[in-house]
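Data first, discussion second: the structure below is written as structure tokens.
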């Protein structure tokens, strides 16, 4: 059963490699891709059920026992993230079938799509820091290709910033890996948790912790290192933007939550207070960017920034309720954000623009599109009874219980500004007078909406099934707040 752990990585990697051989056969690529991504989702669900029933699953590659060999570790948090990545992978791929041009398909869109999923799943499942770096690079190299597909001037200019900032982050990552190896002699996360706990060099460990925080903050889009994100995510087609918006920043957030609950928990008075400050600044400046925009995709891009602030807010508060709220919020945000980017793509196909001032009246001509967007928008803003409300409520309640009143006030204010900016999209794009042509009004949007329906349905389910989902989030929080569970499973102590 342990071999199941590698399948969410192996399936997309093998499929991506295989699809390179059929670069000119687009129809065949679509068929293979469709079956493969659904298969990956089914395997991910099976793995998650197994871990939930039987506990943490560890795969020692080559039968080299940890901490000496490479290990893959599937716990509740990792398997949840793998399932979410697979869901977004399925939906975005089927949306791409409708929207990606043959020009982009012939330049290896499908192979690199799967390589990116392999990197994402690998980052969630790896049990050591060096292979976390390796999977980050697999993911990022694939994203470099996907972000420039089409080769427009805007894409190339903005993707250069994306590449430069991530190359710098990768260099800093290696520096951090070398630094922590030099004082502990290991890179296995479970072994690091043990050895860091035995060290009395708090100052040195804090420096290393800050290095890793900067690295993951660059990749996760935290203040003040988010400047690359809004314009980089504006250029690619909607399917790619949705994949990036739903997943890529969450890999950075996952890495922060994993390392700062397992390894760098030696001085929470310093590290987690710093994280809490960054969370507040990220939320505030991200939502200000969203409020100031009048472009559909740019508003959504800035909201990625503001919303990751909520996720690390839970880590900064560092209580069971706060971590559970953050876990719930991550699941909510991945689903909702992917849906919203796909809605942006659908409206762009109808109107030919993402400029809100050039839109209007879509509610009359495309009511299903309008109301499905509305559900996702108010969920993002945190309106009950949808998923955004319950996750934000848990985070804000945790802040009040922990007497973190300032961050609670920031979270409430950001929620109101999020609602304002999302209603601005709804009013400009869907309300008012029709500004598109008769041909655009008659555009058949059904095929585009079909892949988005599961995401909207999940958004509703995550809200109406809040009780069992929050109980699961509490279980995840209990597991990651008790490092001994992870350590004993990996090191078999």
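Cβ coordinates are placed from backbone N, Cα and C, and glycine is handled just like the others.
Annotated features, as they stand in Swiss-Prot:
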type: TRANSMEM; residues: 4-23; note: transmembrane segment
type: TRANSMEM; residues: 30-52; note: transmembrane segment
type: TRANSMEM; residues: 72-94; note: transmembrane segment
type: TRANSMEM; residues: 130-149; note: transmembrane segment
type: TRANSMEM; residues: 162-184; note: transmembrane segment
type: TRANSMEM; residues: 204-226; note: transmembrane segment
type: TRANSMEM; residues: 233-255; note: transmembrane segment
type: TRANSMEM; residues: 270-292; note: transmembrane segment
type: TRANSMEM; residues: 299-321; note: transmembrane segment
type: TRANSMEM; residues: 325-347; note: transmembrane segment
type: TRANSMEM; residues: 368-390; note: transmembrane segment
type: TRANSMEM; residues: 448-470; note: transmembrane segment
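Between the transmembrane segment (204-226) and the transmembrane segment (270-292), the number of CB pairs under 8 angstroms, six or more residues apart, is three or more, so the stretches are in contact.
The transmembrane segment (448-470) makes contact with the transmembrane segment (72-94): 3 or more of their CB pairs lie within 8 A, with pairs spaced 6 or more apart in sequence. Same-chain residues lying 6+ beyond the ends of the transmembrane segment (130-149) with a Cβ under 8 Å from its Cβ atoms: 70, 104, 107-109, 112-113, 115-116, 118-120, 122-123, 155-156, 159, 162-163, 166, 170, 173-174, 177, 187, 219, 232, 235-237, 240, 243-244, 248, 251, 255. Within the chain, the transmembrane segment (325-347) has long-range Cβ neighbours (under 8 A, six or more residues past its boundaries) at 77, 80-81, 84-85, 87-88, 91-92, 95, 99, 237-239, 241-243, 245-247, 250, 253-254, 257, 296-297, 300, 303-304, 307-308, 310-315, 354, 359, 362, 369, 372-373, 376-377, 379-380, 387-388, 390-395, 397-398, 429, 445, 448-449, 451-452, 455-456, 458-459, 462, 469-470, 473, 476-477.
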